Every structure is written in C-alpha cells, then in structure tokens.
Amino acid sequence: MQIALAPMEGLVDEILRDVLTRIGGIDWCVTEFIRVSERLLPAATYHKLAPELFNGSRTRAGTPMRVQFLGSDPQCLADNAAFACTLGAPVIDLNFGCPAKTVNKSRGGAVLLKEPELLHAIVREVRRTVPAEIPVTAKMRLGFEGKEGALDCARALAEGGASQIVVHARTKVEGYKPPAHWEWVARVQEVVGVPVFANGEVWTLDDWRRCREISGVDDIMLGRGLVSRPGLARQIAAVRAGEEPEDMSWAELQPLLLDFWQQARRKLAPRYAPGRLKQWLAMLTRTYPEAVALFAEVRREQDCERIDQLLALSP
C-alpha cells in the first residue's frame, strides 16, 4: 500500500510539500503541473516549480517527488519530459484531471478525457521518448461531463504505457462536490493491468476505510483532506502498520505552521506571502478550532511583521 500527496496547482507548492512530508506517512508527492504548449521549456522553469530536483528529487524529509506535465501535444510533452529526466526527474506524471476552465479551454487537463485516442497517443509518445527506467504515470477523472467514457480512458492510458493510474473519482463537471464515486475506481481497476490509486473526498480515517472498502484498492492519493488534516497520512500509515492512529494536535502543528510562514516570507514577494498563509489556514479551519480563531485575526492582515506577531502569540 502507498499513500501519495496530490499535485494541487496553486496550493501544494514546494513549501507545503516540504512541511507535509516532514509530518510523515507520505510515500511520494508530485509537483504542481508544468504546462507545456509549443516549445521546450528552460531548466529554470523546472527548477522554479520543482526545486527538489536540486536535492535528488526528494523533499527535505527524503520523500520522493515526481514531475507532472499538462498539455495536449504528444511530441512536445515527450520532449519536455525527456529533458526533465536529464535534470533528475525520477518519474514523469501526466495530468488528465485538472478541472480548471482556463486550463480546459487551452486543451489541457480533464477536457482531454473527451479524446481517449489522444490520451493514448500522449502516453505512448512520452513512454517511447523518456528512458526505459523512468516510469510514466497518469492522473485522470471519471470523465468530462459523464462517466460513460471512464473505462475507455483508463484503458487508453494503460495501453499507452502508463505504469500507474490515479483516479479522481468525480467528473470535471462535478468538480469537488461530494460525493466521490469510489465504486468507479473499482471498475477502472478491473479493466487495467496496472496499479490504481483512489483519490477524492478522503478527509478522515473513516473516509479512508470506506474508500478502501468500496474501491477495492489499497493505494490512496490525498489532496485537500491532507492539507486540512496534516496528520491524516501518518494516521493511515499507523493503521496499516497495526499501530494506534494518533491525530495531530494543534500544539504539534504550530511549529510547522510557523516554519511554513517563514519559508513563504523568504521565497515569495511580501504581497504574496500573506495569501499563502491564509490559504492554508482557511483549510485548517475544517479540523482545528484554533485555526478558526487565528484565521479570523490574520485574514485582513497584509503586513508581514504583524502576521509574525500574531503567529508568535497564537495559543
């Protein structure tokens, strides 16, 4: 069984990957998508979105990181994937699940689920171009509007050469609205001969248990559930090891929240750093009452030094 941290554009950047993987329980993580259209991207683009490439493609905690691409041109994607491998990418992941309208309008992400033949062509060309020892994996949703093409899309990915498929158990149109249709993950697993990961609507340990029972797969990718409950992967890992699954207390999370903020201040412009903190805090309010109180204090603050003080004073 493996537990993966989902690639969420605009949320799970290098800073949050660093913090969440240090908490434990995560077997591997994925970069935000690298968007490819018509040209070979420079090394600086990869290093900006995936600075872990300088650290053997691992986070500070030693968690392996995969490089994810998004686009619709098979040859361009393949060329960029091959270049990423020369920079140290250990696994190439392909995004066929992003539901964002701006991405879909430019023929990226979930809109490609309308074209299983193109999915196959993309994976086949990337698989043909990158070194044989580099795995090529893919992430998909159940479809764009309906689910009737889900199995065809999954087959296209597997037959094209994907060695692993993550299934976000909703369509593009469903977005992030509950429920996630975990029973469809089971159907996908039945028609492909590669490992399948379940993804979507796993917020708690009980959600994970239900997902595993309904989907029939052991492997899980956690996204918003892990961001809002940072100890969730550690809890799941404890259960699978036969240990007591202790939740993460606010007191244990506080130093990591402060470290997240300090990294944001160092790496981002002062006008952007507060927004990143507020984004994570807002998600933490789902789990921690203390986060509700702290978020209420910082939500209108743009002064970084004042936020320093509020974080230092928070109980």
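Going from the start of the chain as shown, residues are counted 1 onward.
Glycine is no exception: its Cβ is also placed from the backbone N, Cα and C atoms.
Here the structure is a predicted model, which means the values were calculated and not measured.
Per Swiss-Prot, FMN binding site is recorded for Pro7, Met8, Glu9, Gln68, Lys139, Asn199, Gly200, Glu201, Gly223, Arg224. The site 'Interacts with tRNA' annotation in Swiss-Prot covers Arg35, Asn95, Tyr176, Arg276, Lys278, Arg299, and the record cites sequence analysis as its basis. The active site, proton donor annotation in Swiss-Prot covers Cys98 and rests on sequence analysis.
Overlay of Swiss-Prot annotations on the structure.
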residue: Pro7; record: FMN binding site; Cβ contacts under 8 Å, 6 or more apart: Cys29, Val30, Thr31, Glu32, Phe33, Gln68, Asp93, Asn95, Lys139
residue: Glu9; record: FMN binding site; Cβ contacts under 8 Å, 6 or more apart: Glu32, Phe33, Cys98, Ala100
residue: Arg35; record: site 'Interacts with tRNA'; Cβ contacts under 8 Å, 6 or more apart: Phe69, Leu70, Gly71, Val103, Gly108
residue: Tyr176; record: site 'Interacts with tRNA'; Cβ contacts under 8 Å, 6 or more apart: Pro99, Arg170, Arg224
residue: Gly200; record: FMN binding site; Cβ contacts under 8 Å, 6 or more apart: His168, Ala169, Arg170, Ala180, Trp182, Gly223
residue: Arg299; record: site 'Interacts with tRNA'; Cβ contacts under 8 Å, 6 or more apart: Lys278
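Here FMN is bound by Pro7, Met8, Glu9, Gln68, Lys139, Asn199, Gly200, Glu201, Gly223, Arg224 per the record. The longest Cα to Cα distance in that group is 22 Å. Minimal Cβ crowding within 10 Å, among the recorded positions Lys139, Arg276, Lys278, is found at Lys278. DSSP assigns Arg35 (site 'Interacts with tRNA') to a strand in the three-state reduction. A 10 Å cutoff on Cβ-Cβ distances gives Asn95 (site 'Interacts with tRNA') a total of 25 other Cβ atoms nearby, all chains included. Secondary structure at Lys278 (site 'Interacts with tRNA'), as computed by DSSP, is helix. When secondary structure is read from DSSP and collapsed to three states, Asn95 (site 'Interacts with tRNA') falls in the strand class.
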